[in-house]
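These come from Swiss-Prot:
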BINDING   Y11, N51, D78, G118, L119, H120, G121, V122, G123, S124, K344  ATP binding site
COMPBIAS  391-401  compositional bias 'Basic and acidic residues'
DOMAIN    427-541  domain 'Toprim'
SITE      K458  site 'Interaction with DNA'
SITE      N461  site 'Interaction with DNA'
BINDING   D506, D508  Mg(2+) 2 binding site
SITE      H513  site 'Interaction with DNA'
SITE      R629  site 'Interaction with DNA'
Amino acid sequence: MSKKEININNYNDDAIQVLEGLDAVRKRPGMYIGSTDGAGLHHLVWEIVDNAVDEALSGFGDRIDVTINKDGSLTVQDHGRGMPTGMHAMGIPTVEVIFTILHAGGKFGQGGYKTSGGLHGVGSSVVNALSSWLEVEITRDGAVYKQRFENGGKPVTTLKKIGTAPKSKTGTKVTFMPDATIFSTTDFKYNTISERLNESAFLLKNVTLSLTDKRTNEAIEFHYENGVQDFVSYLNEDKEILTPVLYFEGEDNGFQVEVALQYNDGFSDNILSFVNNVRTKDGGTHETGLKSAITKVMNDYARKTGLLKEKDKNLEGSDYREGLAAVLSILVPEEHLQFEGQTKDKLGSPLARPVVDGIVADKLTFFLMENGELASNLIRKAIKARDAREAARKARDESRNGKKNKKDKGLLSGKLTPAQSKNPAKNELYLVEGDSAGGSAKQGRDRKFQAILPLRGKVVNTAKAKMADILKNEEINTMIYTIGAGVGADFSIEDANYDKIIIMTDADTDGAHIQTLLLTFFYRYMRPLVEAGHVYIALPPLYKMSKGKGKKEEVAYAWTDGELEELRKQFGKGATLQRYKGLGEMNADQLWETTMNPETRTLIRVTIEDLARAERRVNVLMGDKVEPRRKWIEDNVKFTLEETTVF
């Protein structure tokens, strides 16, 4: 993809515009970074990295280095033009404006970026506000400058020249220490950062991104010569491949478009879309353009070649996307950039759809005409997908009609114990392993808003099965009907009967397996539930410690071995320890107190921070290939003596 060159002289102090002050960032950090947990902590990293990415995206710098330092701080070094070092119109150094004024950045003037995801200043000031200290070092115009901020963004030094450098050497280095009084954790995760940098490297063809962890001496570099083509190969790494990677690129109205496509033998699609290197997880007009182009071109080809007869209806888009892995990356000029809502999760720029549609349609049409046998195989695969879809819809409709004809008291063959409330915004559905635990849960629940659905039979592995076979599985079918929002392409989150879907299983390998099967189903066929944060895992205690009898009995619970050791010290000698092997060992009161009471329970919310990472993880753990799964288990699972039986 061609890059729009921007004159280095135009990126100066006048290019930084100020929109508003930095007030309230420390008071309401969630408004700026989403949360103050681990996700919010790493959002600070993304803000600074995105600034460096923008420089590389605009053609300045071919390397970005991230370092987790021994003291827990983090450094991002780019080799771009270097932030402006002169005085701003406000009467203070421009660097100080960038790091202390909210929404001061290069995006808003004409001399900064033509396309941009993050911006020097826009995120920098937020990172500074939420750090106990921050240092910025700038190499530019043959000199090296440095400034330090402390206590949430207050400058403690002015911008000083601290040395010289060759005029050819430029860049910005930012080091910051997150404020432990704001974040629940300040522990940067090597794997989380490395996977995000890997994704960015795919989108920045021939730019090297590195991560070094000085705490553990781990280090890794990412560099991809083929960009999004390599990205698609990465997504399909553990799958059976049906086609080579198809790559299309083009430019129209200032929009630059790159698309890579490849088909595998799976039954679901995986489309990742990006705007100015920022992931648009909810898609948008650019993704709509891609999908419409594929559907239109494939149907036209099927008609011309006679694979679809006159009497046949056109295939649906979902038929052509079965088994498709695709990466769409577009660069949108600032004057056309428009997102829906406050986040950058969905592109709203109207012009993006016809631009992407036109480029992809032209290139895909040519490819199909040049590769007739492969094209025909893809059409036949889509026809099979249509047949499976129609069979699945018929089975689903029959299932729904059969359930609706039953009396309320016989609902779901007596499986579901419904909540009294009819308010979906408050109701919770517990998916409980086994009848015995289901019985305790029914007795212990708050019947006003908690519904119980025991899972008695085997849950099918939905990563391997066709939709028609999935709907034959009684447990899956019951869940679909209970949740009430459809499944797959027909899923509508607005119709869901519950605000929280809570998976509650035993704390053993069987329980973990059931969790994995259920999460795979939700990920594949009810993904909006997961993306919107409606799926949870209950966390029952592992231990119960008691001492005394009758009214004098003391009881406490431990969820980890560390908590157990604390209880041992607290209770001293004479205490009784019970290790829970299953939910059924707890009576109704204990289950309510430890696992179901909103005031005292602990729930794990299931989220998708990185879709590419999630897709690969599901493929490895639930797919057909044994060797990648064995390797992942060997690398990531520690087997202890507690899990080993010695005879």
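Just so you know, glycine gets a Cβ as well, placed from its N, Cα and C.
Note that the structure is a prediction, hence the values are computed from the model and not measured.
Everything Swiss-Prot records as a feature, shown here on the structure.
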| residue | record | Cβ neighbours (10 Å) |
| --- | --- | --- |
| D78 | ATP binding site | 27 |
| G123 | ATP binding site | 23 |
| K344 | ATP binding site | 19 |
| K458 | site 'Interaction with DNA' | 11 |
| N461 | site 'Interaction with DNA' | 17 |
| D506 | Mg(2+) 2 binding site | 20 |
| D508 | Mg(2+) 2 binding site | 13 |
| H513 | site 'Interaction with DNA' | 13 |
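Mean pLDDT across the domain 'Toprim' (427-541) comes to 87 in this model. When the recorded positions D78, G123, K344, K458, N461 are compared by Cα distance to D508 (Mg(2+) 2 binding site), the shortest distance belongs to K458. Look at K458 (site 'Interaction with DNA'): DSSP puts it in coil.
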